[in-house]
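Annotation source Swiss-Prot lists Zn(2+) 1 binding site at 60, 62, 75, 78. Residues or ranges marked as Mg(2+) binding site in Swiss-Prot: 626, 628, 630. Taken from Swiss-Prot, the feature Zn(2+) 2 binding site applies to 1002, 1075, 1082, 1085. According to Swiss-Prot, the compositional bias 'Basic and acidic residues' annotation covers 279-293. According to Swiss-Prot, the feature region 'Disordered' maps to 265-293, 1472-1502.
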């Protein structure tokens, strides 16, 4: 167990598997919880006693060992250690995972830490982790190189084989062609021979035939032919002709012709045969060449294919690189190409493997640093992000592989309990269901792996295990959320931490406590300011242990047990003892919502009958309580220290002033005001008017005798001074022996009675006393009695006897509070008495309707009819008609209100209530007696139909309907506003919670100028704004130069009066905005604590006060403005609460104003229906040259020249002189004896003004503006203002803008509260160039830390970092705080914790929230004093033991261990605190009053 005071800081980091195992008391292997029959935990299950400890104190599981005497024994039978059952809240178990799983925070966070570290996109990382893709985790370069060579050789061989095949085919083709051609040659020859032979045969036949015919003819020569003689178709001799020699000649001719024809035919046939053969040869050759080409192409394409294939496969081989993501197909292909060259895997195991093998943080950091310095744009941005993660791991000592879990811790069973319900069923924490899923899947996976199941089944089981662990850590972060029975989403470990119901906000920052109760409140008019009425029954229950102890002490009971019985039976003696006990005790009363510190105050309890708590009427304002059914809670501070603190700091009579404004918060109101107003009224003509009395006593005697009315004006002689103006004549007669004036005063008996109730220094006030007057009396009383100058030493001695020996300032404050409280009580009693005596009440007849009302309405209706007529005639637009009518009715309502006011009887009860500000105002009265007027519709637009009736007359149905809009809107707005205001308060608290006054003076020379000219803008007096500040520079009389006050002097009331008299318009004051304290704020910069009227004390939690002061009135702010027109105009800017949020979140405002970007002159331009505003900045540079006597200009006046042009040269040829040359381009100006070149540099910035935008006041053509000045109306964007005008301008702007909103709603808040918040918004700087620091570009650093680090670097001769001021909204600022506990308990818990764990963040517990979370005394108020005392004690011890040294050295020798322990204590105390007195430390009621709050679970449940 942690000893609560033994540490000064808390560190969060990643847990290694060894850490998890070292925490664990055993492995949970079964998903079972408890046995349904025995209802005892199952062995090795989620509630196993052997692992987590026994369920009953000092008793083992099997019952072998019972009682405390066996403490520490481990049962040999069931293995359970005999110890207390509360160890089940502390002891953890573990689950050994069959396969590593990733921690979802580091995978799915933005940015993904795992992804950044490995340079893998979140999408790819997710695909690997959830078994959708492979990742290469190892590459064997040697095998890869061998495989490359083998591939190249294989393809080389393939190429050669194909080429060889192609060559052999070529040879084949050539041989075939040769053969074919040879065959054709021989065929041709045989054809020729055949033709030759054929024709030879034919010739022989013809010749033979001719020979035969010749022979015949020769034989028959001279004879006549018997028939036609024919030769080859030609008739030689016709029948009957004689055969002659000619006939033979003709035959010879015919024979020759025939043979010649035959020869020709032969030649032709031979030619044909030859041609045929040639064609065939050509065909064959062509076919062969085509075949060869085809073969070549095939070869080439095959070779190309091989080259491509080889290239692809080599590329695939080269693509085998670490971290490459592969899908199933790619993985298979690569495995074929390069078996053994790489190893790819899926899931968290693969990622872990990759981290262990490849991530060398030092080397990676070096590479990334180089990249950051050498690249630009997106690459630099990414490198910076990665470097941030790498540096976080390096500095924190975390190992990246710890982001992957191999062992899963199981939280103690009592933190995830299982309880039996009435019906015998069990209710269990969702965590048990989630753990059960993990265990089931893990066991199934182990079994599958043992069985060597197919890869796909194992893979699926691993994915399911990963999803189960994800659901356990953060259900719903990825994919669909796991839901239990009844479809509700199971609450995971992350859900246990985050949100309003999470561990931080529900159990650590606010706990339900014992010794508390609540009841309805009723008014207690007879109580003193510091008292409350506590019902007896309630008190008895609250103080039960104290009563029991006193009963035993008095002997009324023998022991605690019998005392308890007596109390429970409520015997009569119990009440006396209770009276005795309660006498010394204070109780705390609290009314929710606790919007500021005055919502919890301490009171002395006064026992009363009944069941309601009685509350003093004057503290109602602080609690914002009324008696219409409000409830309040009562708490009892237990320890002496708590009682003392409640008495000195929380008692209601010491909380008279509001911490937000410094005004009294216990101002009398309502009946009291009415009573005092009635008492101090003058009624002319009342009984006894005008009588004269020699003294006050004489006048009172006359009143007692009934001779004078209480309100009758009378004349009284009296001695003394008047306070303030008198509303009746005063005549100074003379002075008494002490110099006090004697006067004759016109006053009333009522005023005499009233003044008699005032303390001596506050008399005599001779005027009508309303609410404001009573507030002044309370304020004056407090100021008078807390001013040490007004107290004598005798007074101080009296005070010392009451409060002990304390600082004089404290004594004055306590005494002033005491006197003011008693004065307030006297006024309260008087007010109630005369409110009763006066009998003021309200009846229907008191509401009198003014006769002028009908006239006003008739006149308004007449004017409206005229406007309508003009509209119908087309003289005015719809918009103008609407505006006119609204204005007419608003004026009518105003006139009616005036008439009501005039017609009112000033002595009537209604008028008295309104005029005294006791209740109600004239507008409400006007609605009752005048007219209700105009109403808004649901959109906020004013309905032009007025409600002419009032409540006295009653509304018509239509009027009632119209008025419901406004009513409903009011209610809806209020509901929305309350939630918004609450959230704003929470953000403000978070951003400012570590702002505590830590030192006296930070020593800064900087401050803040407060100008009288700002008064109009922020609606507050200059004097009011400087009051309570400390001067940052001496204040000087502007006329004489006399120093009125030195630097660091407080501006008190006297000095503000002096400033007003001398007309001083600006004062340079210390401000939280300029404070340079390393942690918190210094007293000088903060100035006066408004709640005490004195300089703030060290330890005051000014941040919390500021946040409460701004947040508490938030509900009063209207939600949004209603504009009168239908169309939004540029002045329809956000107001009220949304505007406050806009300011504090540093958002771009709605209706943003255009600002001048540079100093210059305005030009208004209109181009193509577009309005442009141009700002032109002109800079003139002049280059003058003196002209020597013999020089003449060579350029004309007004000429344009360039740099290097000749301007003048010598007119004497005998002199060898240089010409005068222009040193810059520009226009020439020639003067007497000199020549100048004037260069004009123009810079132009142009913006387009929207049509709706209206120009800001004073913006016209030729107007001179400065950078950051408004060109159009609207709110400036604070980020733009910061860039243009710098830090101071934006600070002033934010403070003034916030004040405008609050003041316009009549809410007073002191500037310094807003300044505290604005300071937090501007605390950070963004690193631009890191120089020699170890910062990273873009990192957000605390400005004081930045300055300190740079100073160190400069002192070592290094190059400092550069940075720009950042303006962060309060939400962002809260999340960038140095304390991870504060940030995690605010918002985005998982993101904050993820970041903090990786960086190994250390929380030095400097703020309030972090100390509350871990249950330590807060470093504020009395906590800070306790710290200092203890630190001084330890320093004293150290001074006696060791020489002082700043270095903390690791001591190895045993004799130094004691010194080191002392050092540790000192460190713990200086940076932390002590827990104060706990119940029982004083030995008062240690046995009888165990504190039964849930405090002992805080360590385990973080």
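Cβ from N, Cα, C; glycine included.
Remote same-chain residues near the compositional bias 'Basic and acidic residues' (279-293) are listed as 170, 173-174, 176-177, 180-181, 184 (criterion: CB distance under 8 Å, separation of at least six residues from the stretch ends). Closest to residue 628 (Mg(2+) binding site) in space, going by CA atoms and restricting to the binding-site residues 60, 1002, 1075, 1085, is 1085. Reported as a whole number, the C-alpha separation between residue 60 (Zn(2+) 1 binding site) and residue 1075 (Zn(2+) 2 binding site) equals 62 Å. In sequence order, 49, 61, 63, 64, 65, 77, 79, 80 are the same-chain residues whose CB sits within 8 A of the CB centroid of 60, 62, 75, 78, the residues recorded for Zn(2+) 1 being left out. Cβ-based neighbour count (10 Å, all protein chains) for residue 75 (Zn(2+) 1 binding site) stands at 20. One way to see the shell of the Zn(2+) 2 site is to take the Cβ centroid of 1002, 1075, 1082, 1085; the remaining same-chain residues with a Cβ within 8 Å of it are 999, 1001, 1004, 1070, 1072, 1074, 1076, 1077, 1081, 1083, 1084, 1086. The binding-site residues considered are 62, 1075, 1085; of these, 62 has the fewest other C-beta atoms within 10 angstroms of its C-beta.
Under DSSP, the residues of the compositional bias 'Basic and acidic residues' (279-293) split into helix, strand and coil as follows: 15 helix, 0 strand, 0 coil.
A separation of roughly 40 Å, to the nearest angstrom, links the Cα atoms of residue 1082 (Zn(2+) 2 binding site) and residue 630 (Mg(2+) binding site).
Least crowded of the binding-site residues (60, 78), judged by neighbouring Cβ atoms within 10 Å of its own Cβ: 78. Checked against residue 1075 (Zn(2+) 2 binding site) by C-alpha proximity, the binding-site residues 62, 75, 626 yield 626 as the nearest. Between the C-alpha atoms of residue 62 (Zn(2+) 1 binding site) and residue 630 (Mg(2+) binding site), the distance comes to 55 Å. The binding-site residues recorded for this entry are 626, 630, 1085, and the Cα of 630 lies nearest to that of residue 75 (Zn(2+) 1 binding site). Under DSSP, residue 1085 (Zn(2+) 2 binding site) is assigned to a helix (H, G or I) in the three-state scheme. For the binding-site residues 626, 628, 630, the greatest number of Cβ atoms within 10 Å around a candidate Cβ is found at 630. Listed in sequence order, the residues 521, 625, 627, 629 complete the 8 Å Cβ shell around the Mg(2+) site centroid, once 626, 628, 630 themselves are left out. Rounded to a whole value, the Cα-Cα separation of residue 626 (Mg(2+) binding site) and residue 1002 (Zn(2+) 2 binding site) is 44 Å. Residue 630 (Mg(2+) binding site) is 57 Å away from residue 78 (Zn(2+) 1 binding site) when you measure Cα to Cα.
A 10 Å cutoff on Cβ-Cβ distances gives residue 1002 (Zn(2+) 2 binding site) a total of 20 other Cβ atoms nearby, all chains included. Note: the Cα of residue 630 (Mg(2+) binding site) and the Cα of residue 1085 (Zn(2+) 2 binding site) are spaced 40 Å from each other. A simple way to gauge crowding: the CB of residue 1082 (Zn(2+) 2 binding site) has 21 other CB atoms within 10 angstroms, across all the protein chains here.
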